[in-house]
Amino acid sequence: MALTVKQRFFLEILVLAFPLSAISGDPDIISDFVVPMGVNNTLLDGNFFTFTGMRPLINSDPPTNFTVTKATMAEFPALNGQSVSYAVLQKPAGSVNPPHTHPRATELLFLTYGVLEVGFVDTTNKLFTQRLQAGDIFAFPKGLVHYQFNCAENDFAVAVSAFGSAAAGTVSVPSTVLATGIDDEILTQSFKTDVYTIQKLKAGFAPKA
């Protein structure tokens with residue numbers, strides 16, 4: 001089912017509240033905002049500071065694939081220098097956002113619908129996990145490996161993440177390890193498994209034709 005009025009209300013509250021609590025990860029700017037090169041700042045109006053890319057999500061059907069809709073500096077140039085960005089995560093039942101990091105920002109995830117199992121690993125290799133329900137907020141510290149899993153059997157989940165950077169960056173751990181040409185023998189010893197298993201894992205991350 002599509003998001004209810006109450007769920008949309010939570011989403012709207014989040015949009016208003018998250019910029020105030022974002023943790024900066026970008027250099028400070030000395031102007032009010034950054035005007036893109038080649039643009040006459042005297043011609044700027046409210047449209048420059050408005051991002052409409054989330055509108056299709058409000059009354060969308062339940063997701064059939066894990067989908068991320070971003071509002072970063074790449075999609076929304078007005079964020080340049082503002083040290084904040086967003087992503088809406090739509091997760092079908094049983095879907096996973098694999099282990100990854102954001103090297104330039106903390107992620108503050110707000111679950112608006114469904115349930116999620118989340119976790120991150122700190123620099124001492126301690127795993128922190130939590131099962132979230134709608135209305136919960138979870139912080140993934142900057143640069144640490146983390147994941148999200150929709151543990152529901154028959155229902156989707158929707159979350160909104162705020163980042164303390166206009167370009168937080170995403171580094172996928174499986175893709176980085178398995179799809180960048182590291183020798184099979186090195187991976188075999190590192191993961192204490194066999195070459196066949198490593199090759200099967202690599203095949204899953206090979207570029208699709």
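From the backbone N, Cα and C atoms, a Cβ is placed for every residue, glycine too.
According to TrEMBL, the protein has these features:
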BINDING   N97, H102, E107  oxalate binding site
BINDING   H100, H102, E107, H146  Mn(2+) binding site
DOMAIN    49-199  domain 'Cupin type-1'
SIGNAL    1-25  signal peptide
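Apart from H100, H102, E107, H146, the Mn(2+) site neighbourhood in this chain, defined by C-beta within 8 angstroms of the site C-beta centre, holds T101, F120, F140, L144, V145, A168, T170. Counting only the Cα atoms, the space from H146 (Mn(2+) binding site) to N97 (oxalate binding site) is about 9 angstrom.
Taking the centroid of the Cβ atoms of N97, H102, E107 as the oxalate site, the other same-chain residues with Cβ within 8 Å of it are A87, H100, T101, L109, F140, H146, Q148, S161, F163, A168, T170. Long-range Cβ contacts of E107 (oxalate binding site) within its own chain (separation 6+, distance under 8 Å): A139, F140, H146, S161, A162, F163, A168. Neighbour density around each Cβ, counted as other Cβ atoms within 10 Å, peaks among the binding-site residues H100, H102, H146 at H102. The predicted model assigns the domain 'Cupin type-1' (49-199) a mean pLDDT of 92.
Taking the Cβ of N97 (oxalate binding site) as centre and 10 Å as the limit, one finds 20 other Cβ atoms among all the protein chains shown.
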